[in-house]
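Inspection log for the structure reproduced underneath, given as C-alpha cells.
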Amino acid sequence: MTNTTTIQFNALLLDIEGTITSISFVKDELFPYAFENVGKYLEEHYDKPATQIIIEDLRRLAEQQLETDADVVKIRERKQECIEDVTKNVRHWIKRDKKLTPMKALQGLIWEEAYQRGYVKGHVYPDVLPILKIIESRQIPIYIYSSGSVHAQKLLFANSVEGDMTKILYGYFDTNIGLKGETSSYTKISEQIGVPEKDILFLTDVEAEAAAASKAGLQTRLVIRPGNATLTQEAKNAYGTIHTLEEIL
C-alpha cells in the first residue's frame, strides 16, 4: 500500500542506495571505480598512515574470512605482494557484495580521490533535497544509515549533483553501529540520537531492513524507485510504500 496519511515523526533516518540515491549509481559507477582502481590507489598511497591502518585491518579480516571462504588469500608483508593480495581480496568482496567494514573504509578513500578529482558526482533523486530542506526547517533532525562507511557517505553528500548537502544532515551511521538487518542496530541508533524508537521514521528499499527497524519499534516505509528489487505484497502491506519523499510530509 502507498502511504495516504500524514506521518508524525521527530527524527528521519535514511538509507542511501535505492532510497535517495539510485542503485545504478552505486552499482554501475562507484563499485566499478573502486574495483578498477584499488591496486592503483594502493600503489600511490601505500605509505600513508591511513592506508597502513586499513591494510592491517584487512589483514586481520582476511585471516577471519579464510575460515569460511577459500577464495580469500592471506595478505603477505612485502609491499608488492601485499598490494597484490589486498587487491585480490577487495575485488573478490566487491563481486560478492560483502558488507565488510575495512573494505568499505578503503573504498571510501578511493572514492574520496575520485570526488576530489571530479571523476564522479554523487547521485541524488530530484525530490530529495527540497523535501529534506522542508523537514530541516521544521527542526526535525535527519540522519543517514548505510552499509557504506560514514566517510563514503559524507563524500557522496558533500559532492552531490545537488551541491553540498552535508549542512542539513545531523549525523551518519554505518556498520560500526551494527548490520542493517539486525534489530539491535536501530535500538542503538535511537539511544545515540536521543529520540524514542516510535518517533523515528526509517526509509529503505530493503524488506529485511524495514523488518528489523519495525521490530525495534521504528516507523518504516519501503521506497520504490526505478531499478529497485521487487517488493513482496506482504512487505508492502506491513510497512507501506512511497515513491518519492514528498509522500512523508
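The backbone N, Cα and C atoms fix where each Cβ goes, and this holds for glycine too.
In Swiss-Prot this protein carries:
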- Asp15, Glu17, Asp205: Mg(2+) binding site (BINDING)
- Ser146, Ser147, Lys180: substrate binding site (BINDING)
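Closest by Cα distance to Lys180 (substrate binding site), from the binding-site residues Asp15, Glu17, Asp205, is Asp15. Of all the Cβ atoms in the protein chains shown, 25 others lie within 10 Å of the Cβ of Ser146 (substrate binding site). In this structure, Glu17 (Mg(2+) binding site) is part of a beta strand by DSSP.
Calculated from their C-alpha atoms, the gap between Glu17 (Mg(2+) binding site) and Ser147 (substrate binding site) amounts to 9 Å. In this structure the alpha carbons, written CA, of Asp205 (Mg(2+) binding site) and Ser146 (substrate binding site) are 12 Å apart. Counting Cβ atoms from all protein chains shown, Ser147 (substrate binding site) has 22 others lying within 10 Å of its own Cβ. Same-chain residues with CB within 8 A of the center of the Ser146, Ser147, Lys180 CB atoms, the substrate site residues themselves not counted, are Asp15, Ile16, Glu17, Lys99, Tyr145, Gly148, Asp174, Thr175, Leu179, Glu209.
One way to see the shell of the Mg(2+) site is to take the Cβ centroid of Asp15, Glu17, Asp205; the remaining same-chain residues with a Cβ within 8 Å of it are Ile16, Gly18, Thr19, Ile20, Thr21, Ile23, Ser146, Thr204, Val206, Glu209, Val223, Asn228.
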